[in-house]
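Trainee: Can you read through this structure? Questions will come right after.
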């Protein structure tokens, strides 16, 4: 996300060399092509085989009409330059009006985002057909709350294997993670560092002495402690970086474990605050964050 113009390709090339085997992208990010170039280069070099790499991408909100879903997936495959992806997600449960492939957040004359009422169950039905066609190995969702996920589970032929959600100390998502685990749904955690901003010194837990003390105890960085914390909540963290040193650092989190006391400190920052609000879609009846339990 927010990595384009060559940075994404270089980051993926380096990440594969470091040992990463799961690459998460999306049509909305505008970098599917760069991901594909990097993956194909590493396949050509013999560093990996196609079956060694797990590629996740996402259906954007303007393609939710069932008749557009296959088209969108094929467009994504064309961008990436591969015959299939390993996991295809519905990026958000709400829908935008289709104004062309590249008008990703369509707005009306008043500057309001143009929402349309498309039931995500109808979109999901078209997603299931992608598996039958061999365009994706599996399907899942992203940013779905507990009610939406439960409704989907009760009305699907192919169960979502995955829910990608925001997880970090300020939003630990324990209740939603537990629901996913109960139903055999894997969780990936985006923004595990709470969308770090060094200039603003946010989020606060990145600059708290108590977290630094935990990091010092293991001879790790604060970022590594946070990634490990999110892992130990039962998720697969998705740290993002185009910095080679940080890409390596983010990978080096498998040689230590946090104690119950460490978890208690990190749990104390939970206040339900999000970094990804998608407020432009708040008027949609499928907006996922109007449900109190979706935060807590």
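Residue numbering: from 1, along the chain as shown.
Including glycine, each Cβ sits where the backbone N, Cα and C put it.
Found this in TrEMBL, in case it helps:
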ACT_SITE  29  active site, proton donor
BINDING   91  substrate binding site
DOMAIN    9-268  domain 'NADP-dependent oxidoreductase'
SITE      58  site 'Lowers pKa of active site Tyr'
Trainee: I'm trying to understand the geometry here, so how far is the Cα atom of residue 58 (site 'Lowers pKa of active site Tyr') from the Cα atom of residue 91 (substrate binding site), in Å to the nearest whole number?
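Mentor: Residue 91 (substrate binding site) has its Cα 5 Å from the Cα of residue 58 (site 'Lowers pKa of active site Tyr').
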Trainee: Mind telling me which of the recorded positions 58, 91 has the densest Cβ neighbourhood, counting other Cβ atoms within 10 Å?
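Mentor: Highest number of other Cβ atoms within 10 Å: 58.
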Trainee: To the nearest whole angstrom, state the Cα distance for the pair the residue listed as 'active site, proton donor' and residue 91 (substrate binding site).
Mentor: 11
Trainee: What average pLDDT does the predicted model assign to the domain 'NADP-dependent oxidoreductase' (9-268)?
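Mentor: The average pLDDT of the model in the domain 'NADP-dependent oxidoreductase' (9-268) works out to 96.
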Trainee: When you measure from the Cβ of residue 29 (active site, proton donor), how many other Cβ atoms are you left with inside 10 Å?
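Mentor: Around residue 29 (active site, proton donor), other Cβ atoms within 10 Å: 20.
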